[in-house]
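Taken from TrEMBL as is:
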type: TRANSMEM; residues: B:6-26; note: transmembrane segment
type: TRANSMEM; residues: B:47-69; note: transmembrane segment
type: TRANSMEM; residues: B:75-97; note: transmembrane segment
type: TRANSMEM; residues: B:118-139; note: transmembrane segment
type: TRANSMEM; residues: B:184-204; note: transmembrane segment
type: TRANSMEM; residues: B:310-331; note: transmembrane segment
type: TRANSMEM; residues: B:343-368; note: transmembrane segment
type: TRANSMEM; residues: B:396-424; note: transmembrane segment
type: TRANSMEM; residues: B:436-455; note: transmembrane segment
type: TRANSMEM; residues: B:461-483; note: transmembrane segment
type: TRANSMEM; residues: B:490-513; note: transmembrane segment
type: TRANSMEM; residues: B:519-542; note: transmembrane segment
Amino acid sequence: MSRHDAGKPEQPAREAWLGEQGSRPRRRRVVLADSTKKSGKALRTIIELEEQTSVGEKLVRDLIRQQLKSAFGLAFAVLIGMCLLPITFYLVPSIGDLEILGIPVPWLVLGLAPFPILYGVGWVFRRQAERHERDFVNMVDR
Amino acid sequence: MNADIWSLSAIAVVAAVTFLLGYVGSRKANTTPDFLVARRAIPATRNAAAISGEYLSAASFLGVAGLVLKDGVDALWYPIGFTAGYLALLLFVAAPLRRSGAYTLPDFAEARLGSANVRHFSTFFVVCIGVLYLVPQLQSAGLTLTTITGLPAWFGGLVVTVIVVVNVLGGGMRAITLVQAFQYWGKLFAIAAPTFVLFVVFLASPDRGTQPISDDGVVKFPKAETVTIAEQVVKVRVDEPLTLKVRGQIDGRDANGAVFWGRGLYELSPGTTLEFTAGSPVPVIEGSPTSNFDWTRPQTGGISELIRTYSLIFATFLGTMGLPHVLVRFYTNPDGKAARRTALHVLYLLGLFYIFPTVLGVLSRLFLPQLLVNGKTDAAVLMLPETMLPNLGGQIVGAIVAAGAFAAFLSTSSGLVVSVAGVVSTDILPGKVRDFRWATVFTGAVAIGLALLLPRSDASLTVAMSFALAASTFCPLLVLGIWWRGLTWVGAVCGLVVGGGMVIAAQVVSVVSSYTGRWAPAFITQPALITVPVAFIVMIVVSKATRRRVPADVSQILLRLHAPDPLGFIQDRSIARFGTAEEKARLAEEKRRGAGRTR
C-alpha cells in the first residue's frame with residue numbers, strides 16, 4: 001500500500017469526527033448527552049454553539065479565556081516560585097547552614113515541601129475549571 | 001547465593017502476577033479501541049494509579065536515589081520536576097486532550113490542524129521519544145539483574161522485553177491498565193517498606209553510621225573496599241591525597257601495585273581494579289561534589305550548575321505533557337472531567353512515592369561510598385539493604401527492592417511499547433489489531449537492539465533528555481493547539497523540526513563529549529532552557545506568517561476541546577476506521593439523517 005492510499009481515507013474520517021460541519025455549515029439536530037435534564041431553550045443555545053453564530057462564538061471564546069487565565073495564573077505562580085529557589089540558594093549560600101530538627105533547610109524545602117504545594121495548586125485549578133464549566137452549562141441550560 | 005534465590009523468586013512473583021493480571025485484563029480485549037485506549041472506560045482513581053505505575057520508571061526507582069547519593073540536595077530537582085510536570089499537564093492539556101477524542105498524539109495533531117504532514121512529523125517524534133525512554137529502562141533491567149545475581153547484562157533487558165511484548169500482544173492497553181495500577185502500589189510498598197526498615201537500622205546502629213570524614217568534608221571509606229571499573233572510562237577527582245593499590249590502567253598507562261594519588265583528575269580504563277584501605281579518602285566521579293560540605297548545600301557548582309538546574313526545571317515541567325506514553329493513558333478516561341481528576345490524583349500518588357528514594361539516597365552516602373568511585377550510583381538502592389543488614393533480613397528486604405525495580409521496568413516499558421506500537425500501527429500500518437501486534441514485536445526488537453548497542457549512562461540523565469525532546473516538540477504543539485486559534489500546520493511542523501532537531505543535535509554532541517572528556521557546556525547537556533522557547537517562538541512566528549492556512553473549522557474544534565462534558569460535544573475520532581459495528585451503523589445513520597435534513 002502506498003502512502004497516498006494511506007493518506008486519502010483520512011479526510012472522510014476527519015469530517016465525520018467534526019460532524020460534517022467542517023466544510024459547510026448546515027442545520028443539525030443535537031441531542032444532549034445528559035438526557036435527564038429538560039432542555040428546551042438549551043437546545044437552541046447548543047445549536048448556536050455548534051454552528052458558530054456570533055453568540056455561540058462569543059460564549060466559547062469567553063470560556064476558553066477564563067480557563068486559560070486560571071491555568072496560566074497558577075502555572076506562572078508555580079514556575080516563578082520554583083525558579084526563585086535556585087537563584088536564592090545561589091545568592092544566599094548561608095541558607096544551607098540553617099537546620100530544623102537537625103535537617104538542613106534546603107533538604108526540607110526541596111525534598112518535602114513541593115509535593116503538598118503542587119497538589120494544592122492542582123486542587124485549586126480543578127475547582128476553578130469545574131466551576132467555569134458549571135457556569136457555562138448553567139448559562140446554556142437556563 | 002541465598003540472596004540470589006530470594007531476589008530471583010521475588011522477581012519471578014512480579015513477572016507471574018504481571019502475566020496473570022495481563023491475562024485477566026485481556027480476556028475481553030478484541031477490538032482496536034480495546035488495544036489502543038482500553039475502550040475509554042477506566043475510572044479516574046484506577047487510571048491515576050496506572051499512570052503513576054507507568055511513570056515511576058527505573059529513573060525514579062533507582063535513579064533518583066543514585067543522583068542524591070552523588071549530587072546531594074541539587075538532585076532533588078528531579079523528583080520535583082517529575083511531579084510538577086503533571087501539574088502543567090493538568091493545567092493545560094488533560095481535559096481538552098481527552099475531549100479531542102483522538103487515539104494517539106499524531107491523531108490529535110492531524111485532527112486539530114487538518115494536515116497529514118503534521119501527522120507524519122508527530123509520528124516520527126513519538127517514536128523517537130518512546131525509544132529514547134525505553135532504552136534506559138532495558139539497560140537498567142540488565143544492571144539490576146547483574147547487581148543482584150551476576151547474570152550478564154543483556155539477559156535482564158531481554159527478559160523484560162519478552163514479558164512486555166507477550167503481555168501487550170495479548171491485550172494491549174486493556175491488559176496493561178490493570179498491570180500498571182497494581183504495579184504502582186507494588187512499587188510504593190517495595191520502596192516504602194525497605195526505607196522504614198533501613199532507617200530504623202540506621203537509628204539503632206551503635207555509631208548512627210556516622211561516617212569518617214576529613215576536615216574538608218571529604219568522605220572516607222569506613223572499611224577496606226575493592227572497586228572495579230566496568231564498561232566505560234571513568235574520570236575521578238581526588239581532593240585529598242591517598243595511597244591505594246591499582247591493577248589496570250591509569251591515564252592510559254599500565255599500573256600494578258601501590259600508587260600515590262595527589263589532588264587532581266585521574267582517568268581509569270575499563271577493567272581497572274582499585275583497592276582502598278579503611279579510612280582512605282574517596283575519589284569521586286568527575287562532575288559531582290567531592291566533599292560532604294558541597295553535597296549538603298544547594299547550588300555550590302557555580303553558574304553552570306545554576307543553568308543546568310533551570311534547564312532541568314523547564315524540561316521536566318513542560319516535558320511530561322509531551323510524553324506520548326503518558327498522554328495515551330489520558331485517552332482511556334471516559335470524559336474530560338475524569339481526565340482532570342486523574343491528573344490531580346497522580347500528583348499525590350507521585351508525591352507520596354518520591355519521599356522515599358531521597359531517604360535511601362542519603363543513607364547510601366553513608367554506607368556505599370564505593371559507588372562514588374565507579375559512578376554506578378543507579379545500583380545504590382539495590383545494594384543498600386544487604387550492606388546495612390548483612391543477614392537474612394537484609395536478603396529479604398533486598399528481594400523486595402529488586403522486585404520493585406523489576407516492576408518499574410515492566411510497567412514503564414509496557415506503557416512505552418503500547419504507545420509506540422499504537423502510533424506505528426495506526427500511522428504506518430493500516431491499524432487493525434493484527435498490525436498492532438506486528439508493531440509491538442517490531443518496537444520491542446528495535447528497543448532491545450539499541451539497548452545492547454548504546455553505551456549505558458545514568459537512567460535519570462537519559463530520561464531527562466527525552467523530557468527535553470518532549471518539551472521542545474509536543475509541549476508547544478499541544479499548548480498552542482489547544483489554546484490558540486492561530487496555529488497552522490506549517491507553523492507546527494517548523495516548530496517540531498526546529499525544537500526536536502536542536503535537542504537531537506545537542507544529544508549527539510553530548511554523547512560525543514562524554515566519550516572525549518566531557519567538554520560540552522551545560523546548555524548542551526541540558527538543552528531545554530533554550531530549545532523550548534525557540535520551539536514556541538518558531539511555531540508562533542511561522543503560523544502568523546502562514547495565517548491563510550488556519551483551518552476553516554478551527555472554532556468548531558476549539559469548541560469540541562473546551563465545551564463542558566455534559567453538553568455532549570465529545571466524540572471519538574476515527575469511528576469510521578476503528579469503531580465497532582454498531583458505532584459505525586450509528587455514524588452512518590447520523591450522516592444519512594444529516595444529509596436528509598439539509599435537502
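Glycine is no exception: its Cβ is also placed from the backbone N, Cα and C atoms.
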Stretch contact, the transmembrane segment (B:396-424) with the transmembrane segment (B:47-69), Cβ-Cβ under 8 Å, 3+ pairs: yes
Interface present between the transmembrane segment (B:6-26) and the transmembrane segment (B:519-542) (three or more C-beta pairs under 8 A): no
Paired segments the transmembrane segment (B:47-69) and the transmembrane segment (B:118-139) in contact, 3+ CB pairs under 8 A: yes
Best-contacting stretch, by C-beta pairs under 8 Å, relative to the transmembrane segment (B:310-331) and drawn from B:118-139, B:436-455, B:461-483: B:461-483
Within-chain partners of the transmembrane segment (B:75-97) [C-beta distance under 8 Å, separation at least 6 from its ends]: 55, 59-60, 63-64, 67-68, 108, 309, 312-313, 315-321, 326-327, 330-331, 336-337, 339-340, 342-344, 346-347, 350-351, 354, 357-358, 361, 460, 464, 467, 478-479, 482-483, 561-562
Two-stretch contact, the transmembrane segment (B:490-513) and the transmembrane segment (B:118-139), at least three Cβ pairs under 8 Å: yes
Sequence-remote partners of the transmembrane segment (B:118-139) [C-beta within less than 8 Å, at least six residues beyond its ends]: 57-59, 104-107, 109-110, 153, 156-157, 160-161, 322-325, 408-409, 412-413, 416-417, 419-420, 423-424, 427-428, 443, 446-448, 450-451, 454, 456-457, 459, 462-463, 465-466, 469-470, 473-474, 477, 489, 492-493, 496-497, 500, 504
